[in-house]
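First the structure, in the form of structure tokens, and then the observations on it.
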Amino acid sequence: MDETGATDGALSVLAARWGLEHDEDNPMALVLTPQHLELRKRDEPKLGGIFVDFVGGAMAHRRKFGGGRGEAVAKAVGIKGDYLPDVVDATAGLGRDAFVLASVGCRVRMLERNPVVAALLDDGLTRGYADADIGGWLQERLQLIHASSLTALTDITPRPQVVYLDPMFPHRQKSALVKKEMRVFQSLVGPDLDADGLLEPARQLATKRVVVKRPDYAPPLADVATPNAIVTKGHRFDIYAGTPLTE
């Protein structure tokens, strides 16, 4: 849906670029507003739209007032002193953790296979790149690759030091208060049923470590336990060894 009032066919260009088709019966809708591209759940309009915003809102607050290097995700990937690892975020989602890592100095390549989510990320990046405040370093450090992690993890070059995985995990049935945004997002992509297959190729690709973000109640990915983890309220970051570069 186009709510910009323009008649320049921007929505058609968007659909062609990401291989999207118009479907009147689909409860999920991509909407082009004058401000941004957003995803709405048409049968639950009260949930509002979700969009990627690296410039303002929660992400700006997290960048300015969050823990920075002290954030759990930064500790988990191993940031220390001058060491700022090159990261592949193989399950980019809405790009939040990738942005945090980029904001503290890491170069991050985001992989996203869902074309709708990739379109949202691309829209957010385009606005971020154009921002006078963050655009310069954002263009250098954060990029999007629209591809399935299951295939892309085997042929990405150069190899990153860290692969970061945050696969969608079903929420507990009791948690009726799952964030509105997450309800919209899960309606679109559902749980990552093939996520277990990501761990081994991720370990082959990363030269230093693989970090897997899990809800505190979730079993380890692929049932591969690791003694190394950073635990926060509600989540843990399981850390696995990668495969060092051979001379």
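A Cβ is built for glycine as well, from the same backbone N, Cα and C atoms used for every other residue.
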Name the one residue among Asp131, Asp133, Asp166 that TrEMBL lists for the same S-adenosyl-L-methionine site as Arg96, Asp97, Glu112, Arg113, Ser148, Ser149.
Asp166
Within its own chain, what residues at least 6 apart in sequence put their Cβ under 8 Å from the Cβ of Arg96 (S-adenosyl-L-methionine binding site), listed in sequence order?
Met59, Arg62
If you draw a 10 Å sphere on the Cβ of Glu112 (S-adenosyl-L-methionine binding site), how many other Cβ atoms land inside?
27
State which of the following binding-site residues has the fewest other Cβ atoms within 10 Å around its Cβ: Ser148, Ser149.
Ser148
Tell me the Cβ contacts of Arg113 (S-adenosyl-L-methionine binding site) under 8 Å, same chain only and six or more apart in sequence, or just say none.
His146, Ala147, Ser148, Ser149
Taking the Cβ of Asp166 (S-adenosyl-L-methionine binding site) as the centre, how many other Cβ atoms fall within a 10 Å radius?
22
